[in-house]
Amino acid sequence: MKKPCYAKKNIKEGAWSEQEDQKLKDYISAHGEGSWHTVPQAAGLYRCGKSCRQRWLNYLRPDLKRGNFGEDEEDLIIRLHALLGNRWSLIAGRIPGRSDNEIKNYWNSHLQKKLINKGVDPNNHRLHHSFSNLEKVTGASATKSHFENEQGCSDGNYNSNEDQRSWSGSDINLDLASKISPPRPINNEANSMD
C-alpha cells in the first residue's frame, strides 16, 4: 500500500507561508497546471502534490471569487444539485470562480436549511408531504400555493428546467444534458422479492 505523502521524509504539513504561496504561484504561471505529483519538487516546495493542488484550486487561483454567494449563484447551485445530486466537481465546473469544496460547504451549511425552511426536501427537491410539522419547527405557515408563488413551482417539484430568468452569465455552461447523464433511478422491482 502506498504511503500518504505526509508520511514521507521532509514533507511539510500545516499552514502555508507567503513564500510557499509565491513559489507555487510563480511555478503555475510559468508552467501551468497539471501533473501535480511533480509540482512540489519542480517548484522547490516541501509539500505533497495533493497539498499543492488543493492550495492552488481552493485559495490561490486568480479567478477565484471571494465573499458571499449571490442569489443567482444560490439559485444555480440548487438547480444543478436537483439535476446532478452531490457531484460537487461537476456543479463547480458550471459556476465560475467557485471551488467544489466551497460549493459543498455552502450547500451543507446554508442551502439545505434554506430549502427545508421553504418546505422542500433537499435530497429530492420535492415539497414535503406534511406542512403541519414544518409549521411546528419553523413557526411559519407554509402552503403549496405560497411555495409556488415564491419559487415558480407548479407540480410540487423544484423546477430545474425553469428558464434562466435571473442568470445572464454567458460564460456558464448550462447545457448539462449533452455531457452528463442524470442520476440513475433506483430500481425497486429488482430489489423486491415477489
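Cβ from N, Cα, C; glycine included.
What TrEMBL says about this one:
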COMPBIAS  151-171  compositional bias 'Polar residues'
DOMAIN    8-60  domain 'Myb-like'
DOMAIN    8-60  domain 'HTH myb-type'
DOMAIN    61-115  domain 'HTH myb-type'
DOMAIN    61-111  domain 'Myb-like'
REGION    147-194  region 'Disordered'
Q: Tally the residues of the domain 'Myb-like' (8-60) by DSSP class, grouping H, G and I as helix, E and B as strand, and everything else as coil.
A: 31 helix, 0 strand, 22 coil
(Q) Limited to the domain 'Myb-like' (61-111), I'd like the whole-number average of pLDDT. (A) 93
Q: For the domain 'Myb-like' (61-111), jot down how many residues DSSP puts in helix, in strand and in coil.
A: 31 helix, 0 strand, 20 coil
